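For reference, the structure discussed in these notes is given below.
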Amino acid sequence: MKYTKLNFMMSVLGIVIYITDLIVDIWVSVRFFHEGQYVFGILTVSFMFFGTLVVQCFSYSWFKADLKKAGQESQHCFLLLHCLQGGVFTRYWFALKKGYHVAFKYSSKTDNFMEEQIDQHKEVIDRMTDLSMLRLFETYLEGCPQLVLQLYTLLEHGQANFTQYAAIMVSCCAISWSTVDYQVALRKSLPDKNLLNGFCPKLTYLFYKLFTLLSWMLSVVLLLFINVKIALFLLLFLWFLGILWAFKKQTQFCASISMEFLYRVVVGFILTFTFFNIKGQNTKYPMFCYYIGRVLVTVGISIVFWVCPVSIFNSDYFIPISITIALSLVLGIIFLIVYYGTLHPNRNEETKPDEIDGIAAERDCRMKYFLME
C-alpha cells in the first residue's frame, strides 16, 4: 500500500473538480436571481447549504476523533474553520502537503526506514479516503438535487444558456469522479480489501452508476412535470425507506448517537438516488430488489407521462427523453451485471461474514464503517 505520484496528481485533480463545482453552483444561483427565477435560486442555495453543512459536521467530528485518538485536545481554530465552511479545504491542505512530501520526497529515501515509510503512506491514504467520503456525501446531497433542478429548467424552457450546460456537465463530472474515486480510495485504505485495479473495472463501475443515475434523474424530472407534489412525496417516501433500512441494518459509523442518526439520514438520502452496501454484507438480494423497484417505478413514470402529456413540457424533447431513460436504464443494468459478474474485486472470493460485526473489524478504523460496494 503506497501513495504514489499518480495518486497525488489525482488528488490535485479532485480538488480542482471540487472548486470548479463550487464556483459553477454559485454562478448558477446568481444567474437565477439575476433572471428573476427566485424559486430556483433559493433551491440552488439551499442544496449547497444543506450539503456543505452536513459535510462540515462530519469533518469536524472526525477531526475531534482523530485528535482524541492521538491524545491531543480539540482546537478551537478547527471549529472556527468548519463554521466558516472551510473544513474540506483545511483537510485538502493537510492531505496534499503530507501527500507531496510522501510521494515526491519520502519515496526517494532508502529502505532503512521501511516501517516508518509504510506508516507515512498509510496516513496519507487514510486522509484522502476521508476526503473521498466527504466529497461523496456532498455530491449526493448537493450535486444530485441540483442536477435534477438543472434538467428541469432546461426541459421547461426548451432552451439553455451556457451556464446551464456548464452546470450540468460539471455536476455529471463531479458525481462520476467522486463515486469512482471513493471506491478506489476506500479499497486502498483497507488492507483486507482487494484493490479496484485496472481501467476496465473502473470504467464499467462508472458507467453502471452514471447510466442508472441518469435514467432515474430524468424520470424524476418527468414526474415533476406531471405533478410536483407527487414527485416530492415519492422522493420523501424513498428517503424514509432508506433511513428505515439504515436503522434496520444498525450501522455503526459514528461514535456519538447524534452523528450516527445524521449518518443514517444521509445514507437514506443517498439510497434515494443509487444503491450502496451500507453494512459490508452480501447484498445480492437487497440490490436485486432495489433495482427491480427502480425499473418498475421508472416504467410507471414513463407510462403515466405517455398517457397524460403535459402542456408545459416541450414536446420536441419528449421522444428523445423517453428513449434516453429506457436506454440508459438498460445500459446501467448491463454494466451492473458485467461489473459484479466478472470485474468486481471480490468476485472470486467466498462469501465473507459481516465485515462490520465480524471478528476482523477494527473499531478504531473509521474506513471499516464507510459505505461499501
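Placement of Cβ uses the backbone N, Cα and C atoms for every residue, glycine included.
Some features that TrEMBL has for this protein:
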TRANSMEM  12-33  transmembrane segment
TRANSMEM  39-63  transmembrane segment
TRANSMEM  205-225  transmembrane segment
TRANSMEM  253-276  transmembrane segment
TRANSMEM  288-312  transmembrane segment
TRANSMEM  318-340  transmembrane segment
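If you look at the transmembrane segment (253-276), the same-chain residues 6 or more away from its ends with a CB under 8 A from one of its CBs are 54, 57-58, 61, 65, 136-137, 140-141, 144, 179, 209, 212-213, 216-217, 235, 238-247, 283, 286-287, 290-291, 366, 369-373. By the count of Cβ pairs under 8 Å, the stretch nearest in packing to the transmembrane segment (288-312) among 12-33, 205-225, 318-340 is 205-225. Below 8 angstroms of C-beta separation, residues 144, 147-148, 151-152, 155-156, 172, 175-176, 179-180, 183, 196, 231, 234-235, 273-274, 291, 294, 297-298, 301-302, 304-305, 310, 312-313, 321, 324-326, 328-329, 331-333, 335-336, 338-339, 343, 373 of the same chain, each at least six residues beyond the ends of the transmembrane segment (205-225), sit close to that stretch.
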